[in-house]
Each structure stands twice: as C-alpha cells, then as structure tokens.
Amino acid sequence: MQNWETTATTNYEQHNAWYNSMFAANIKQEPGHHLDGNSVASSPRQSPIPSTNHLEQFLKQQQQQHQHQQQPMDTLCAMTPSPSQNDQNSLQHYDANLQQQLLQQQQYQQHFQAAQQQHHHHHHLMGGFNPLTPPGLPNPMQHFYGGNLRPSPQPTPISASTVASVAVATGSSEKLQALTPPMDVTPPKSPAKSSQSNIEPEKEHDQMSNSSEDMKYMVESEDDDTNIRMPIYNSHGKMKNYKCKTCGVVAITKVDFWAHTRTHMKPDKILQCPKCPFVTEFKHHLEYHIRKHKNQKPFQCDKCSYTCVNKSMLNSHRKSHSSVYQYRCADCDYATKYCHSFKLHLRKYGHKPGMVLDEDGTPNPSLVIDVYGTRRGPKSKNGGPIASGGSGSGSGSGSRKSNVAAVAPQQQQTQPTQPPTSQLSAALQGFPLVQSNSAPPAASPLLPLPVSPAKSVASVEQTPSLPSPANLLPPLASLLQQNHNMAFFPYWNLNLQMLAAQQQAAVLAQLSPRMREQLQQQNQQQSDNEEEEQDDEYERKSVDSAMDLSQGTPVKEEEQQQLHQQQPQQPLVMNLKVEEEATPLVSSSNASRRKGRVLKLDTLLQLRSGVMTSPEQLKVPSTPMPTASSPIAGRKPMPEDHCSGTSSADESMETAHVRQANTSASSTASSSGNSSNASSNSNGNSSSNSSSSGTNSAAAAPPSGTPAAAGAIYECKYCDIFFKDAVLYTIHMGYHSCDDVFKCNMCGEKCDGPVGLFVHMARNAHS
C-alpha cells in the first residue's frame, strides 16, 4: 500500500520552494499582511519531517547577492517590526518587497526635486515686504517662494519614516501651506535714534505751550546748529512754527525768527548770546538761554528728579504732581491745569471760562480769564495783581496776595453797606499770609486772625476802613490761605467762599442800624494827627505795663458769684466789658507769646474809656485808661484760662454785635464794638477811681436790645469760631492744650495752626 502522507509532503515542499524562488520578488504585499498571512498559512502546513535544508541554502545565496546593501537594510529593520524568528521564509519575502518600495520612492523623490526646481525657475518672485498685505496676515505670493524656506531633501538613503513623510508632503503640499503659520512680513521698525529725535521736539513743544514766555526757545547744543538752522517736526509730522508777537510774521527756523525779532528791538537794548544768534531785550531771558548752553538746571522738583533752568518751568512742572484742574470750561467738560491751553480751547471753540480754582482746589471768583489778551495767566476782577498761584508766571503766590491786601481797603471804603456775596468772596483773596507766631508790621492795612500774639493798638487805628462789613474775614477761608500748601483732601469739593459769605451774611443780619451808624461815624471821625498821638501813647503803655501772668485765677470768686446772681439766665456768657488796668497791653516787643486775647480785652477798656468821655465819639482817646466799670472789673485773665475749672465761662464768649465790631480779622477790633455798644447803655457807674473794686452792680445785665439777652454765643479766640451751644464749645476747647493752644490736648500732637488742629481732630480718633 502506498504511503500518501509521505508522498504529499514531498510534493508540497518541492512546489513551495519553486513558488518562492519564482514569484516572491514580483508580488507586492504590505509588510504586516505578508508577514502575518504567510506565518499563519505556513504554520499549519509545517511538516514534522525536517525540511529546512532548502531554506537555509536559499537564504545563504540571498545574503551573498545583497551583501553590499546590508547596511541600509539593517537600518530599515531597526525601524520596522521584525518578523518572527520561526518563519525565515516570510523574512525573505519581506526584504524583497521593502527593497522594491525603497527604489520606487527614490525615483519619486528625484522627480519631485526636478519638478520643484523647474517650478522655481519659471515662477520665481522677489521676496520681501508687500505693502498691500496687512501685518500678521499671510502674504498672497508666499506660496511661490514658500518652498524655498524648507530644506530640500537629500539624495542619500533615508529611513522609511522620512520617505513616507516626503511622499505625504508631495501629495498635500497645498494643505500644508494653508495650515502652517504665516511668516512675519511686518515692516522693520525705525531705528531708535530716529524715533527719539522725533519725540524730543514734541516734548519740547509741549513745554513751550504750557510754560511762560521764558521757555519759547528750546534747548540746543553748543556745537550743533541743526536745531536752530533746520525746521523741526514733531512725531505727528507737523512742523514747528515761530510766530512774531509784534507783527505776526511766521518763521520756520530759529535763526530766521531771531533775525526778524532783531528788527523790532532797539539797538541799545539788544542782548545777544555769545555762542549763537539768539537775541533778546531781557536779561533774565539771556540768563536762561546761557544756562541751556551750559546745561545748568538749578531748579529741581521736590517730588521727583526733574530739573529746569527757571522757576516758571518748575511751577509748570509741579502741576503734573497735582490732581487739581484749575481751569474748567463753562460750556463743555474740558478741564486743564495750564492757562495757556485753556485759552487756546476758548479761542478755538468760542466757549466761556468757568470758575477758576486755586492750587488747593478752592473756587476763586475774583480771578477772570483774559481770553484774547496777552496776559499770561488769569487776572483779578479789580485790575490788581493776581491772587492765585496757578497762573504759571514766575512770581510767587504770597507776594501777589500781599499786594492785593494793599488794594482791598481802598475799594472797601466806598462800600459802607453790606456787599453782595461775590464781593465778600472776592475780599477773601486780599488778606496777607501771617504766621501764627509772628507779629505783623504796624503799617499793615489788614490784620490777620487773632492768632497773632503781640499786636499794638496802633496797627488797628491806622486802618480807617477796618469797620467796613466787607472786611469781616471768614475764619475758614483765611486759615486755608495761611496754610495753602497743606493737602486738605476732604475739603477740595467745598465752596469755601460761599460758606464764608453765608457766615458773614448771618452775622450782619443780626446787627441793628444804630451799630452800623456808629461804625460809620467811627471811620469818619478818625484823623491822622489823632492816630499818631494815640500810637505814641499806646506804645508807651505797652512797654511800661507788661502782661502779668502771675495771677492764680482768671476771675475773682466774688465777681463770679455776682455775675451768676445778676445774670441767672446766662450763666456761661462772658461779657467782654470786663477788663482792668492791671493787665494792660501786651508788650510790643513780642516778649510774650500771647494769642491775642489780652490785647483784645485791653483795647476794649481803652475804647470804652473814650466812649465814656464822649458817648457820641466812637474812637480811642489819648487820655490815660480809667478804671473798669463792669460788674467784674477786677478780673485778671490768664493765658491758659481754658485749662481751669471755669473754662467754658472764662473763655472769650461774644454776642453777635461783638462780631460786627470785628472789623478786621484780629480780636482787638472785635471787642471794640462790644465795648462801644455796652458803654453807651451803661448807667453811669464807670469812674476812674474804681479800678480795684469788684462789687459794682449797677450794670447788672446787658440791655434788652442786645443779642446777648436773646442767646449766648461762645467764641474760641484761637480758632475764631462761634458756638451757640456751651457743650460743643467745651468739647472744642478741650482739644486746646494748656502749654500750646495748637497742640492736641488729647494725644499731644503739635498741629500747624487752627486748620491743622481741625484736620487732626477730624482724621484721628480720640478716646
């Protein structure tokens, strides 16, 4: 019987060897598919009979034939999945297919390179920036030279992954170009030097437009004439022009402008720079110009490192540190810090100026804007100097305010009646700035607040216009002027002038017509000769009789009890008719730092003694001061009387008619009206021999027509504030320290004047 298994196996092996040798190299199959399929197909057909001799011989022959391609084949085998070790026949077929694919891909690559070179040769466009393409968008001609940006493939043998990527890129080159980010085709930036040269003229132009006439010439170097001989352009491309203020001729260079300016100058007044053609008629202009040549900037800002050549530029620069816009348009929302820019706005649009603010943000109705005039900065309504420090000129604000003080009394002499609110507000700008620890000069036309310690009566009597109601200085506005450099952030939005006018209107409304007549008569009856005699007499008394501070109590107990018995309805009202000769004027040598209260009471007695001699004549006589005729004539006030147990009763408390008599900001004139009104209603108990008697009871109560009978008014002489409530007055006086009235009695902090104390009380919590 024939063995079919042996025969079939032998025939199959021979057929398989013949099939592999003839057709394996010509059949194209995927490596994985060929590997798996051949492995699966051949594994079940494996015969248990060993038949590996034919395969080993065939593999040895193939290795000898392709020995020169062994190195690239090793690389491909390392990057591709290796076939199974059990199937050597599948490995042989895989190697043959991979070699054929590699050859085809190399041919495709060569054709691609040739086509790309030919395309680049026929369709080459110049690269660079296209002005029609917006920055950041793809260039429309980018696809023509985009291929040049990629490295060309090398003809050397490459891996399978690289070849596959090149083939994919060839088939979808347009898609890749659409997906790749666009190249940066924005134009190159200008050099830093040119940009700085464009910005510098604009900056200098801004300084010229905002500063004074002293800055109309920009900085030029000593050895470079391009800035003065060539036109200057700003960053917007606008050329700088130089316009003659005399004839209106416009020049485009500084040299031409200076040459034209010389024609308007007198030959004997021409001042020329030794280093350039600059000419001027003013010495300070030439001085500033020479400082620019030498690069000297002596003026420096105290808040930053800015330096400049003159004070005007520094004042203009300091406005950049302020948040107050002093100039506002009445017809629109335009606001600026510089008057020059404000005038340009008003001229351009035909608008009207609004309320001008001071440097601290306080409205100043006394200033007006001369829109079409040549004045730099605002001007005052009365034609006098400017009372605001924000005009941009070189002079300081303090000198302007002191000059206005000399003009104000002349205008107020012609206004005996109550002025309107605008005039009252405008009068606030005319008071000098006097420190709280210094005595004003005797010839000062207007006196400050009663915080000045040593004032002579001569300074009061030398001002015939003092009793005018327009001179009643509101305390808050005056104190702000004394401390105009302080930052009062909570009070920036307050119209302080309106508040002051309301206070004055309320005080003037309480005055009787007879008081106004008396004040007018007092102005008319004073003469220069009498003032000189009175000045000499009072100066002699002030030197001979210094203030006695050795008294233990400010008020005698008997007199205080008598005052309570005679005035039970007003136990806390202090009648200012109560001074004696024992505490006369404060010495004019300013030896004692009294805050003005003794001066006020002493002047009261002198004025009252003159009224007792002639009741119709309300002026200070030159006779010796008689004894007091008040119920508490023996009272000796102390500087620190508010620290005693009777602080609320012993402090300076006045009625409304006393406030009317306060014709100046000092307390001396304030008490003069009180004494004149009270002495005219006295019962004749005032005699020159009763100075030591403290039991006079003739003038028991004030007249029924006086405001003291209607209601009590308490006044703090240090802050010049009135209180209608004794509790509020006592609380306020509790903040004044005994040794220093402007030192907080609660925490001990030293404050800068009454406004500083008020700000301290408002900002800090005290237990």
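Placement of Cβ uses the backbone N, Cα and C atoms for every residue, glycine included.
Annotation source Swiss-Prot lists region 'Disordered' at 30-51 (among others).
Sequence annotations record features per position, and here Swiss-Prot assigns compositional bias 'Polar residues' to 39-51.
Residues or ranges marked as compositional bias 'Low complexity' in Swiss-Prot: 105-117 (among others).
Summarising the annotation, Swiss-Prot assigns region 'Disordered' to 105-127 (among others).
The region 'Disordered' annotation in Swiss-Prot covers 174-212 (among others).
The compositional bias 'Basic and acidic residues' annotation in Swiss-Prot covers 200-212.
Assigned with DSSP, the residues of the zinc finger (242-264) fall into helix, strand and coil as follows: 10 helix, 4 strand, 9 coil. According to Swiss-Prot, the feature zinc finger maps to 242-264 (among others), an assignment based on sequence analysis.
Annotation source Swiss-Prot lists zinc finger at 271-293 (among others), citing sequence analysis. Sorting each residue of the zinc finger (271-293) by its DSSP state yields 11 helix, 4 strand, 8 coil.
For 299-321 (among others), the entry in Swiss-Prot reads zinc finger, with the evidence type sequence analysis.
Among the features that Swiss-Prot reports, zinc finger is placed at 327-351 (among others), with the record citing sequence analysis. The zinc finger (327-351) scores a mean pLDDT of 92 in the predicted structure.
Annotated region 'Disordered' per Swiss-Prot: 357-424 (among others), in sequence order.
If you look up Swiss-Prot, you'll see 386-397 marked as compositional bias 'Gly residues'.
Sequence annotations record features per position, and here Swiss-Prot assigns compositional bias 'Low complexity' to 518-527 (among others).
The annotation region 'Disordered' is assigned in Swiss-Prot to 518-570 (among others).
Feature annotation from Swiss-Prot assigns compositional bias 'Acidic residues' to 528-537.
For 610-704 (among others), the entry in Swiss-Prot reads region 'Disordered'.
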Selected stretch (most C-beta pairs under 8 A with the zinc finger (271-293)) from 242-264, 714-736, 742-766: 242-264
